[in-house]
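*Asks:* First, the structure itself, so that you have it in front of you.
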Amino acid sequence: MTEIENIGALEVLFSPESIEQSLKRCQLPSTLLYDEKGLRLFDEITNLKEYYLYESELDILKKFSDSIANQLLSPDLPNTVIELGCGNMRKTKLLLDAFEKKGCDVHFYALDLNEAELQKGLQELRQTTNYQHVKVSGICGCFERLLQCLDRFRSEPNSRISMLYLGASIGNFDRKSAASFLRSFASRLNIHDNLLISFDHRNKAELVQLAYDDPYRITEKFEKNILASVNAVFGENLFDENDWEYKSVYDEDLGVHRAYLQAKNEVTVIKGPMFFQFKPSHLILIEESWKNSDQECRQIIEKGDFKLVSKYESTIADYSTYVITKQFPAMLQLPLQPCPSLAEWDALRKVWLFITNKLLNKDNMYTAWIPLRHPPIFYIGHVPVFNDIYLTKIVKNKATANKKHFWEWFQRGIDPDIEDPSKCHWHSEVPESWPSPDQLREYEKESWEYHIVKLCKAMDELSTSEKRILWLCYEHVAMHVETTLYIYVQSFQNANQTVSICGSLPEPAEKLTKAPLWVNVPETEIAVGMPLTTQYTSVGSNLQSSDLSAHENTDELFYFAWDNEKPMRKKLVSSFSIANRPISNGEYLDFINKKSKTERVYPKQWAEIDGTLYIRTMYGLLPLDDYLGWPVMTSYDDLNNYASSQGCRLPTEDELNCFYDRVLERTDEPYVSTEGKATGFQQLHPLALSDNSSNQIFTGAWEWTSTVLEKHEDFEPEELYPDYTRDFFDGKHNVVLGGSFATATRISNRRSFRNFYQAGYKYAWIGARLVKN
């Protein structure tokens, strides 16, 4: 007998109480359709040529199962595949065959409500297959209970789960409910777990009507059989099929088919205190089937917190199957308040936990992958320690009070002078041995629950000063999310080292064939820095004068900013010409290849192995030749040398700001949306640059400027964190603007934000564009 685990909850789904509540809404739960007889009748329906949905999906799976398997399965992680509502599994077998052919070990679970029919389907599948790589099991239960115990079916913490939701069953939900249904699964899945889902589009009304009201009246038998299921739940014949007739209605404008049972005459139903009296022609809704255009499908997917990977179309009818993946939580494009909300914190923390719990492991967290930097284990401790130190200024944390020794080891990292490493700002002492990752994860959890969650929930009670501390901690976490990631990619050392935990490989970016186009910018006056006027306090601000009196810097009347962003200044920028896009990998490679082999020094984002060049990405080492159209990322010194070879230079901070203002059509507003660009974890790799005339910014890398970080007029060190900028007024750090694909939107979208790195630093995700006078 095939293994089946019963996860329960059927007694709730099929209870007299749930049916009574449904009848009060003039409907019956559609799950009642699928008793043993109902499943057999539905099987007959799928064999009808009129029921185009089945044939359309079969058409897709026959043609594309191999491609779908490649996208769903991880080649290097354990794979779990769960089908939601498996039915007879004839179509599913096409996918299982493709999984077997791929040669990856897969544990497949078929989920269904009816244990007897599930057992029968699994036995038939086992009798017709002899899989070596695919293990087949069953789960008897409902979707809600599966969500509660989903991790039980994940073979290892890092294993990939792919869900199958076929048959256009998502159409049982209206569009808002469909997105909510997807979100319920997204909330339980890991980043880059997958879902294969089918949608029936808006086919012609005649085709739809025939599919749900066939001339053989099998659909009618199927729908009316729900009354037998109701009677079985109540244990007596409360409903007589002969009192009802099937009514099929398709609303073409709304795009929904509704199946009703209509009372032929007056019907009375009595069971104890339950009493219903249905008048002639009264309608009871049995099920809905919503039809969605491709655009509507994409909206449902996006609102469901998934990202579209690929789409497969049927040639039989307007019907598609989509591979979608759990994406990073969407970050707010335009902050509504100075201090990040709990929802913003939660989105950022999910990224951090993905890094510390999924990407970092015993093989990569103890090695210092970047010279003159700590190993990743330091950052696992640094983030919660920094939060603990600063948030304790607001409220003591009893949960972490006995771990003050962590403060000595993790308060501040190292950033020594590249040219003379003996010169370094003050930093925490390095322990003889680092605490275990589990100890640090528990510490982070305590800091999260007892500090961040409590403070965010009490936001209205916090003073402006206290909100500022909470904001500072949020942006500090965001910065170290990016730092830890660019250190992580340096751990890839072998040519065959690719990982699928971050999803499918990015599409190749072809080498550009044209020089960049030049954008002529006339003499312009710009405002730099955080606005100091009250013109922005209308954006939901409720700050009172009493709040401001407690504020460390009263120039910040709404949004917070770091010390090097303040005060706001006016600058006159002379006319200049700037490239419409950053320098590409291909252009920089051509520049390097003009040198002798002994003089060639490649960017640290590249790796030369056995004479072949690779690029370090979130997906491992990929052939550089496939991504020559991405922006090159290396040090200021490297890119400044390239600019000189082209008879150009790199832009000043004011010039680059002026160009960004022009492209984003911004003036002095604090935040501008970067939706659709390569920042804020909207994707995990740079954008492919283009030869066209578009002005390309936020392409996945920060951008260097020739402006050296210096103490500007009226600069005042950050009172909470005075060493943030002033430790780096050494003439060796250059200002960096924009953001990478891994930069939180509170930072990348803030016009005044200024990053800075040593000009010789090669490891950060920073590119550049050319300028000429």
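Every residue, even glycine, has its Cβ placed from backbone N, Cα and C.
Note that the coordinates shown come from a computational prediction; the quantities given were computed from them, not determined experimentally.
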*Asks:* Record says G85, K91, C142, F143 bind S-adenosyl-L-methionine. Source is Swiss-Prot. Which of D59, D66, D112 does it list for that same site?
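*Replies:* For the S-adenosyl-L-methionine site that includes G85, K91, C142, F143, Swiss-Prot also lists D112.
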*Asks:* Given that Swiss-Prot assigns H476, H480 to the Fe cation site, pick the one from H374, H382, H405 that the record assigns to that site as well.
*Replies:* H382
*Asks:* Y51, Y212, E287, E288, S289 show up in Swiss-Prot as binding L-histidine; which entry in N6, N88, N172, N242 does that record put in the same site?
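*Replies:* The candidate from N6, N88, N172, N242 that Swiss-Prot ties to L-histidine along with Y51, Y212, E287, E288, S289 is N172.
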*Asks:* Tell me, if you would, which residue among K91, H382, H476, H480 (binding-site residues) has the fewest other CB atoms within 10 Å in the structure shown?
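*Replies:* Selected from the binding-site residues K91, H382, H476, H480 on minimum Cβ neighbours within 10 Å: H476.
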*Asks:* Within its own chain, what residues at least 6 apart in sequence put their Cβ under 8 Å from the Cβ of G85 (S-adenosyl-L-methionine binding site), listed in sequence order?
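*Replies:* Non-local contacts for G85 (S-adenosyl-L-methionine binding site): L111, D112, L113, Y165, G167, S169.
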*Asks:* Identify, in sequence order, the residues in the chain of N172 (L-histidine binding site) that are 6 or more apart from it along the sequence and have a CB within less than 8 Å of its CB; answer 'none' if there are none.
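*Replies:* Once residues fewer than 6 apart are set aside, N172 (L-histidine binding site) is near S30, E287, E288, S289, W290.
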*Asks:* Near the Cβ of C142 (S-adenosyl-L-methionine binding site), how many other Cβ atoms are there if near means within 10 Å?
*Replies:* 21
*Asks:* Quick one: average pLDDT across the region 'L-histidine N(alpha)-methyltransferase' (16-322), no decimals.
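*Replies:* Average per-residue pLDDT within the region 'L-histidine N(alpha)-methyltransferase' (16-322): 94.
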*Asks:* DSSP secondary structure for Y212 (L-histidine binding site), reduced to helix/strand/coil, please.
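*Replies:* Coil, per DSSP.
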*Asks:* Counting other Cβ atoms within 10 Å of each Cβ, which of the binding-site residues D112, E287, E288 scores lowest?
*Replies:* E288
*Asks:* Does anything in the same chain, at least 6 positions from F143 (S-adenosyl-L-methionine binding site), have a Cβ under 8 Å from its Cβ, and if so what?
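*Replies:* L84, L111 - these are the non-local Cβ neighbours of F143 (S-adenosyl-L-methionine binding site), listed in sequence order.
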*Asks:* Counting all other Cβ atoms within 10 Å across every protein chain shown, which of the binding-site residues Y51, Y212 scores highest?
*Replies:* Y212
